[in-house]
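Peer 1: Relevant sequence annotations retrieved from Swiss-Prot are reproduced here:
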- 1-21: signal peptide (SIGNAL)
- CYS50-CYS65: disulfide bond (DISULFID)
- CYS57-CYS70: disulfide bond (DISULFID)
- CYS64-CYS77: disulfide bond (DISULFID)
- LEU81: leucine amide (MOD_RES)
Amino acid sequence: MKASMFLALAGLVLLFVVGYASESEEKESPRELLSKIFAVDDFKGEERGCKGFGDSCTPGKNECCPNYACSSKHKWCKVYLGK
């Protein structure tokens, strides 16, 4: 039951993505359309000056992004809840 629901949801998502891409690029060939859908170059990560959740850090230095703090026990950035 869970597998069939997952496959149905995955099929609907794929149908939505293909439909959206075909509407945005009306007169493109299917090969160009598929290359735009599965393009990886557009999703390259940006370099940032701070470290996000789960990144390793050194306690005492301010390396983590805002709203994160370096855990002295685990030595990685975690959500800062305050005291």
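Each residue's number is its place along the chain shown, starting with 1.
Yeah, the Cβs are placed from backbone N, Cα and C, and that goes for glycine too.
Help me see these features in their spatial surroundings.
Peer 2: Taking all protein chains in view, 13 other C-beta atoms sit within 10 angstroms of the C-beta of CYS50 (disulfide bond). In the three-state DSSP scheme, CYS50 (disulfide bond) is classed as coil.
On its own chain, CYS70 (disulfide bond) has CYS57, THR58, PRO59, GLY60, LYS61, GLU63, CYS64, TRP76, CYS77 as residues at least 6 apart in sequence with a Cβ closer than 8 Å to its own Cβ. CYS70 (disulfide bond) falls within a strand segment according to DSSP.
Cβ neighbours within 10 Å of CYS77 (disulfide bond), excluding its own Cβ and spanning all shown chains: 22.
Secondary structure at LEU81 (leucine amide), taken from DSSP and collapsed to helix, strand or coil, is coil.
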Peer 1: Around the Cβ of CYS57 (disulfide bond), how many other Cβ atoms lie within 10 Å? Please give the count over every shown protein chain.
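Peer 2: Its Cβ shell of radius 10 Å holds 22 other Cβ atoms.
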Peer 1: At a 10 A cut-off on CB-CB distances, which of the recorded positions CYS64, CYS65, LEU81 has the highest count?
Peer 2: CYS64
Peer 1: Give the distance between the Cα atoms of CYS65 (disulfide bond) and LEU81 (leucine amide), rounded to the nearest whole Å.
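Peer 2: Rounded to the nearest whole number, the Cα-Cα distance is 14 Å.
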Peer 1: Reduce the DSSP letter at CYS64 (disulfide bond) to three states and note it down.
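Peer 2: Reduced to three states, the DSSP call for CYS64 (disulfide bond) is strand.
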Peer 1: Measure from the CA atom of CYS50 (disulfide bond) to the CA atom of LEU81 (leucine amide) and give the result in Å, rounded to a whole number.
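Peer 2: That separation, Cα to Cα, works out to 18 Å.
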